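A.B. asks: First the structure, then my questions, so here it is.
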């Protein structure tokens with residue numbers, strides 16, 4: 001039912017294929033983020049048209065609203081949202097730990113972490129909840145996502161090394177409990193490698209996580225892209241990838257700027273998710289083959305050329321920069337839709353080209369081409 005096939009490599013960059021009950025995923029893959037059962041400003045039909053293979057759902061947000069009972073009555077998340085391709089759900093842990101920093105809503109919430117689990121107040125009503133590894137698995141089994149994540153403790157940057165080691169041990173303990181709690185055969189679980197920003201802790205995290213290898217379909221690299229310098233992010237990714245099993249998929253959680261994806265692919269990562277393309281679309285920052293466009297700028301006011309002449313998306317085939325700027329400045333809802341179609345297509349097309357380049361052993365050349373594109377601010 002589930003299988004990962006490593007097709008070929010170019011250096012450490014990997015070209016693979018994941019088989020799931022809801023379809024095949026060609027890797028390396030970018031997964032658009034559908035936090036609340038939808039990718040913001042997109043319809044499923046549009047996601048299909050631009051080549052989306054898999055979307056990500058968020059356990060924390062879906063647990064709060066609409067709630068597990070409604071999704072259960074609907075027959076699972078695929079049926080509830082009418083999406084027949086693969087879905088990956090995260091554990092909600094990152095969101096829960098982010099509550100303490102006031103990342104949702106207008107206030108900071110109380111978050112208490114213990115070896116048992118995490119107690120928190122939600123950002124909607126301020127109600128108290130308690131997530132344990134068992135509960136998080138139970139929620140995701142109700143959702144019926146293809147790929148599940150266990151509860152883990154994600155630390156911030158900077159962090160005390162002693163605490164980072166404590167969080168690592170807790171994450172391993174929670175993984176063991178998640179494996180014991182898992183019942184469904186038609187879903188798979190990834191192990192999450194923490195260890196913060198120290199090579200020795202990352203190595204220890206891999207060693208401890210690998211003890212459960214027979215129960216895990218793949219491995220996630222967590223706790224990065226939380227404010228640390230790029231060289232640390234790339235360094236930790238490299239350390240972990242060198243130690244992970246060759247024949248299982250690797251997922252770098254929450255990392256999604258184009259340059260970061262390319263650097264991680266070069267180090268051996270297969271899967272990515274991030275809100276960057278969709279969030280940037282809603283703030284007017286658009287990626288093109290010529291460079292990055294700020295569509296709000298008055299310089300596009302009378303530019304009647306396509307946003308990106310090399311792009312095959314609906315937006316670029318039909319509309320000019322001048323019109324897209326007008327829609328954005330006028331705060332028309334269609335501006336968010338058209339911008340999001342384009343940014344996601346840029347990402348998905350980039351991944352298509354990455355896969356082809358790995359097959360043809362020219363990944364480094366393609367990487368340099370894209371790095372020049374994203375450095376160029378138009």
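Glycine is no exception: its Cβ is also placed from the backbone N, Cα and C atoms.
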A.B. asks: Quick check on the annotations: Swiss-Prot lists region 'RNA binding' for one of 268-272, 273-277, 278-282. Which range is it?
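C.D. replies: Based on what Swiss-Prot states, region 'RNA binding' spans 278-282.
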A.B. asks: Quick one: sort out which of 233-239, 240-246, 247-253, 254-260 is the region 'RNA binding' according to Swiss-Prot.
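C.D. replies: Among 233-239, 240-246, 247-253, 254-260, the range Swiss-Prot annotates as region 'RNA binding' is 254-260.
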A.B. asks: Starting from the Zn(2+) binding annotation in Swiss-Prot that includes 311, 313, 316, which of 129, 297, 342 is the extra site residue?
C.D. replies: 342
A.B. asks: Where Swiss-Prot shows 90, 91, 92, 93, 94, 152, 194 binding substrate, which of 51, 223, 227 is named for the same site?
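C.D. replies: That substrate site, as Swiss-Prot gives it, pairs 90, 91, 92, 93, 94, 152, 194 with 223.
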A.B. asks: Once near-sequence residues are set aside, which residues in the chain of residue 152 (substrate binding site), 6 or more away, have Cβ atoms under 8 Å from its Cβ?
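C.D. replies: Non-local contacts for residue 152 (substrate binding site): 91, 93, 171, 174, 175, 192, 194, 222.
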A.B. asks: Would you kindly give the Cα-Cα distance separating residue 273 (active site, nucleophile) and residue 223 (substrate binding site), rounded to the nearest Å?
C.D. replies: 14
A.B. asks: Fill in the CA-CA distance, residue 316 (Zn(2+) binding site) to residue 90 (substrate binding site), as an integer in Å.
C.D. replies: 33
A.B. asks: Whole-number Å only: compute the distance from the Cα of residue 92 (substrate binding site) to the Cα of residue 273 (active site, nucleophile).
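C.D. replies: Between the alpha carbons of residue 92 (substrate binding site) and residue 273 (active site, nucleophile) there are 14 Å.
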A.B. asks: In the structure shown, with every protein chain counted, which of the binding-site residues 92, 93, 223 has the densest set of Cβ atoms within 10 angstroms of its Cβ?
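C.D. replies: Most Cβ neighbours within 10 Å: 223.
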